[in-house]
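TrEMBL annotations:
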COMPBIAS  971-986  compositional bias 'Acidic residues'
DOMAIN    306-603  domain 'ABC transmembrane type-1'
DOMAIN    678-931  domain 'ABC transporter'
DOMAIN    1029-1317  domain 'ABC transmembrane type-1'
DOMAIN    1356-1590  domain 'ABC transporter'
REGION    965-989  region 'Disordered'
TRANSMEM  33-52  transmembrane segment
TRANSMEM  106-124  transmembrane segment
TRANSMEM  136-154  transmembrane segment
TRANSMEM  166-185  transmembrane segment
TRANSMEM  353-371  transmembrane segment
TRANSMEM  447-473  transmembrane segment
TRANSMEM  538-566  transmembrane segment
TRANSMEM  578-602  transmembrane segment
TRANSMEM  1076-1099  transmembrane segment
TRANSMEM  1161-1191  transmembrane segment
TRANSMEM  1267-1284  transmembrane segment
TRANSMEM  1291-1310  transmembrane segment
Amino acid sequence: MGLSFCGTDEDVNSYSVEKGMLNNGCFVDALNLVPHVFLLFITFPILFIGWGSQSSKVQIHHNTWLHFPGHNMRWILTFLLLFVHVCEFAEGIVSDQMMRTNHLHLFMPAFMGFIAATTSVVYYHNIETSNFPKLLLVLFIYWVLAFITKFIKLWKFTEFYLGPQHLRFCITALLVLLYGLLMGVELNVIRVRKYVFFANPQKVKPPEDLQDLGVRFLQPFVNLLSKATYWWMNPLIIGAHKRPIELKKIGKLPIAMRALTNYLRLKDAYEDQRTAEDPNRAPSIWRSMYRAFGRPILLSSTFRYLADLLSFAGPLCISGIVKHINEDNNTAVADQKTGETRLNVYFMSSTELLQNTSVLAVLLFLALVLQRTFLQASYYVTIETGINLRGALLAMIYNKILRLSTSNMSMGEMTLGQINNLVAIETNQLMWFLFLCPNLWAMPVQIVMGVILLYYLLGSSALVGASVIVLLAPVQYLIATKLADTQKSTLEHSTDRLKKTSEILKGIKLLKLYAWENIFCDSVEDTRGKELTSLKTFAFYTSMSIFMNAAIPIAAVLATFVMHQILKESGPTPSEAFAALALFHILVTPLFLLSTVVRFAVKALVSVQKLGEFLQSDEIGDDSWRNGDMPVFMEAGKKHTGGTKAINRKQPMRYQMDNYELPTRRQMRPTETEDVAVKVSNGFFTWGSNLSTLSDINICIPTGQLTMIVGQVGCGKSSLLLAMLGEMQTIDGRVHWSKLPDYETVHEGNISWSGAEESDEDIQSKNRYSVAYATQKSWLLNATVEENITFGGPFNKQRYKTVIDACSLEPDIDLLPFGDQTEIGERGINLSGGQRQRICVARALYQNTNIVFLDDPFSALDIHLSDHLMQEGILKFLQDDKRTVVLVTHKLQYLIHADWIIAMKDGSVLREGTLKDIQNNDVELYEHWKTLMNRQDHGLEKDIQQDSQTTLERKTLRRAFYSREAKSQMDDEDEEEEEEEEDDDNMSITTNRRSKIPWRVCWCYLSSGGFFMVFLMVSSKLLKHSVIVAIDYCLAYWTSSKSNAGVFNGTGLADGNSTNTTLLWPGDPNSENNSYYLPVFIILSAAGITLCLITSLTVEFLGLSAATNLHHNLLNKIIHAPIRFFDITPLGQILNRFSADTNIIDQHIPPTLESLTRSTLLCLSAIGVISSITPMFLIALAPLAVAFYFIQKYFRVASKDLQDLDDSTQLPLLCHFSETAEGLTTIRAFRHEARFKQRMLELTDTNNTAYLFLSTANRWLEVRTDFLGAVIVLAAAGASIWNYRLTSRGLVGLALTYALTVTNYLNWVVRNLADLEVQMAAVKKVNSFLGTESENYEGSMDASQVPENWPQDGEIKIQDLCVRYDPMLKPVLKHVNMYIEPGQKVGICGRTGSGKSSLSLAFFNMVDMFEGKIVIDGIDICKLPLQTLRSRLSIILQDPVLFSGSIRFNLDPERTCTDDRLWEALEIAQLKNMVKALPGGLDAVVTECGENFSLGQRQLFCLARAFVRKSSILIMDEATASIDMATENILQKVVMTAFADRTVVTIAHRVHTILTADLVIVMKRGNILEYDKPETLLEQEDGMFASFVRADM
């Protein structure tokens, strides 16, 4: 059979043109070749010469600028064209087989058409990216020619009475239509762009995003093919292998996706609902979401519907292939010809093509590819929309936070926790709901379609199976709701556990000193027990859900086929059975997902309700002066800048006068308003509960002077400042902020602190509506020290230095590892209280505002720092600058500096005036103050030894950072596996390291779950999958046995019987087969269902036991670690192990592990089954396996990086929200809302970019694995069609059904691998802490050998003691000797770093005593068990630590004391009356860290705690630092009386506290310098103690 274009049939001359040229079919087909060849001849030279090198005029990056109109339309039409060409080609080939000789003209033009269409789109793409529209004319000519030739063909067909019943007629008609449409598209480009035939072609500019090289997210800008396959992601994902993906690499978001754009869309939709008639009606969030983001969701749903409809092509094609596979023998061809011959060639009917198995196989492949592409497109669109929505919601919440009323925050209506939940949980819930949203309406359609098709295949018995699935859906929903509930209770318990853990870690020093760690550890274990109980329920329900998912299809298939057997008394045919099996697999997914989607919908409803409540909550009052239009005030500043010079001449004189006159003498003239900066007239203010906190306030704050507000703890001083700032709710009265006369505004600007003239801009920037405010509780940003001080203002070096000197921050900054560029951790964790407070004050000083409010800036500072700050900062820096200062303070010795004093008592003003006024008018008050000011203010002598708590802070800081750097290096090395310690750091090693799976960690995880569980899991998994394969094999044999018996007897084929006998199980007579298969099938199915239950339970409970063990070991290790461990490990890092990492181990690893093992085994069993049925398949498998290996290798690395980026960018975002909520008053006082909003938008965008890239990378992977899956299906189908003689229909059906499941599970294998790898990092981190050394708790003596009442005398001998913190460090105490008699009061003083505190720790064996010993009442403390030693001594620390619980719990957690004893202790500590007044007395609540008591009160509670423990030795470590003087004096007396018979060791910072001691020890650099009675020491004029006392007087 030679090849010839028109065929060589004997009876016909194919080349005759007697009836007219166009009447010869072959000639018409030849004519159709012309346009295709024309296009190829013209375009190939153009494409290959590469004229494209002359790129467009505008530099655009990535060549992705698509700007010809009708762009997407053209791509879609071209794809359709390609598909139709494939159909035409297939039709030609099949028709050709029907003829006696080969007719090339039947399929040759189709083939050329396919190539030409492909070329056209490549050509178009190149022209478009290089912006050369004139060359599009070629395409235009091609479309016209192709249209004409095809039209001639169609016209001839109609002449010969061929119509739609013939397939070729339909195809040709479609082609004519497509060519016509493409012509139209081309004309449209000419019309819009006018690149030819017009005089002035249209100029175009690329969109802003593409001109900006920072935008790296190109999905919206690339062409359709790249959009569908995410081709543009290739460089990023493959590049990740060489070097990690960083934030720089993923760039910025395109404008349309930025949070601001979407916020404005959502806000408009939200605000539009507020109508004029009903302005107070709460707008519906749902409606605004629909208005802002409805359209993309509709688009996504369309894609989803298309994908769902295409998914049914799979089962139908399988059914067709199995049905027709043995009919393809050419012998049978004669019977099935349904077409006819005209124009000398065969025309097949429209249905005939679909009976060809090869055609069906290709169709199946195309349907799969398309279905997957549409599905991924739908996912992508919803995810992008979800991310946009999240950005918009975050911006909305943030704007609301900035306007929240303070009373809401402090009265606990809106806690920080709630706000954090809104940000971290509710917005994500809504985002997830949006992701799953299209499923809500796509799934019902899918289910209905599936049931209809099943009915069509199997009749009524199918409905039984479908009803099994549908009836079990509510059960699944029930399980899903139960899961949600248990998750909620788990969350509550784990928050509770975290709170307890973080309290333990914050107070770990105290717990160890009091030997309470076990009590607290037990309470955490207790909570953990509750958490584990709910985790058990959670695990049970999860495994139920997994079980349902796996067992439902088995049950449904079983029910259906048993029913079929009963009704029809015969099993189904293979084509029906396997199509049904595939359909059941398709049906299960939507039903399983439906429960999840419904659950998310319910959650979304709750979230929206919470959001709505939050957006409707109270806002801060709109006081005119605060929310006035800013621009207007700016104008006021500008107008008068011209007049500066004239005034300037007079100005300096007055300025100098002020400097030399004593400020106190200045007469106040309250009548003249310009001297009053703020005036409050008869104000009543409240924090929201209609009781007024401040009542009857009438005060004036004089401009440019220093006003002090004094009063006892809790009398409303801070509230008064906030009331002036407009943060409190005003019941009555008003706050008046004077507008200064313009000339004053001007000179304020001119006399800047340096005396130099400032530019006009500075004058305007001195915006007097901004108040520099330093709160009592310091508030720091998570930024560098410098950023915290400049706080967004311009950096002025000289001013900055002055401020830092005034706040004595220089030494502290020098200690930080990167100076003032050091990041201060979240909420300033890594600084001490005093350092944080000084930074806050520095911020207030640095800001260029007229008014400065300082709320008790001295509370955490020692005396030297306070004096320095008062002199340099407040009196010199602020006063010279003519700024109005309001200072709240307890330090009465500073009153002499005040220009104006406001004395408060119980929420109202007691007195107002200058010090002289008060001295004259209220002698009693003045005398009272005088007694309190028992030390005079002698100014600051520069040469005193600055001995202070500050230096101690600096020391701890140095200690922390010294070790922290070492620690962070270790953290970096964490990445690298321990075994790879080679030095050569070349590329290949890092690459390998990054793509290696952490097997060691996995093993560690599994082994902590217990070996029995691991064995159970592995064996049950393998058994389950073998049984499932057996069920399907059984089905294949059962259905084949029946169909073969029927088919082959009739046709009488030679191989019929042989096939038949090979199929039956050995020794199985033909007659009984059906009755024999049914029970086997039922038994196997039952076994399969049971095994599903067992496997799902084992995995979950394996995970649970691993989680239990890991947390238990972690907690015990950390709580018993030496104190040094807590000095060098940042608190956040330890807490992370207990929060994030434990959560991952508890809840995320088990399902991932389950999913991974399930999908891997499914894929492997499927590939095994296919290979065993058609071994030819293995040839195709090799290249597929290689492709799969590379895809997963690249993806895992990139996914890990992107996941890290997502996590690391999420944290700053959440921190920023909580920071803002905490520092609201400060931000608003400074008027820095806009800057914070900007920062929030940046952080949100960064996080969204990372998340978007992560989900697009997932799409990238899924598209690729899905295409691989489609190729596997094609290969399986091809192999079975070629080998159809060897295989029975049942087995072909089995192979194809299995191949279809592979497509679903391939991407899960990779995704789960990548997830597991990321989650295993948590196990690794927890593991790294499990290596920590514990303290030696045992000691060499037994606890029973220690006398019950030891130490009864309190005699202390220290012999040759040397102490260090760590064997690596230098000793801090060197050869110290001392003897303290029973009952002596000893004071220890010395400069910071002299080893005082280390000595106090040595008493408790908290530090490494490597030489010498301490003997207390005759027992060497190193021999004692730690528990015994520490429980018998008492200590009061300088930082007061309280735990949340009751007052009773804080005083006596062991519950050993009577109430009387507790009351007695409270009375000694001056707290009895206060506690009595509280609701509940001793059982009154203490909030976290004791926040509901003032600092002083907390310190008193700590004293009471020490009195409760009646030990004969008390150590006070600088315990009176944060108490006002009155209370401190009382305390001194108390200690002397209550502890008259006990030994008291006081470590003093204020020397006057130890003047009454029996013995004073002065230390220096770890040695004892002076050791004697205080009187004796004072007589030595040149002694150190004497100089201390002089400095402190």
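The backbone N, Cα and C atoms fix where each Cβ goes, and this holds for glycine too.
Unlike curated records, TrEMBL annotations are generated automatically.
Ranked by number of Cβ pairs under 8 Å to the domain 'ABC transporter' (1356-1590), the listed stretches 306-603, 678-931, 1029-1317 are led by 306-603.
In this chain, the transmembrane segment (353-371) lies out of contact with the transmembrane segment (447-473); the count of Cβ pairs under 8 Å, excluding pairs fewer than 6 apart in sequence, is fewer than 3. When Cβ distances are compared across the two stretches, the transmembrane segment (1291-1310) makes no contact with the transmembrane segment (538-566), since fewer than 3 pairs at least 6 residues apart fall below 8 angstroms. For the transmembrane segment (1267-1284), same-chain residues at least 6 beyond its ends with a Cβ under 8 Å from one of its own Cβ atoms are 321, 325-326, 328, 357-358, 360-362, 364-365, 368-369, 372, 1167, 1170, 1173-1174, 1176-1177, 1180-1181, 1184, 1187-1188, 1191, 1291-1292, 1295-1296, 1298-1300, 1302-1304, 1306.
Non-local neighbours of the transmembrane segment (1161-1191) in the same chain are 1021-1022, 1025-1026, 1028-1029, 1032-1033, 1261, 1264-1265, 1268, 1271-1272, 1275-1276, 1278-1280, 1282-1283, 1286-1287, 1291-1292, 1294-1295, 1298-1299, 1301-1302, 1305-1306, 1309-1310; each lies 6+ residues outside the stretch with a CB under 8 Å from one of its CB atoms. Computed over the domain 'ABC transporter' (678-931), the whole-number mean pLDDT of the model equals 78. Sequence-distant contacts of the transmembrane segment (1076-1099), counting only residues of its own chain at least 6 positions beyond either end whose CB sits under 8 Å from a CB of the stretch, comprise 540, 542-544, 546-547, 550-551, 554-555, 557-558, 561-562, 565, 571, 1013, 1016-1017, 1020-1021, 1023-1024, 1027-1028, 1030-1031, 1034-1035, 1037-1038, 1041, 1068, 1150, 1153-1154, 1157.
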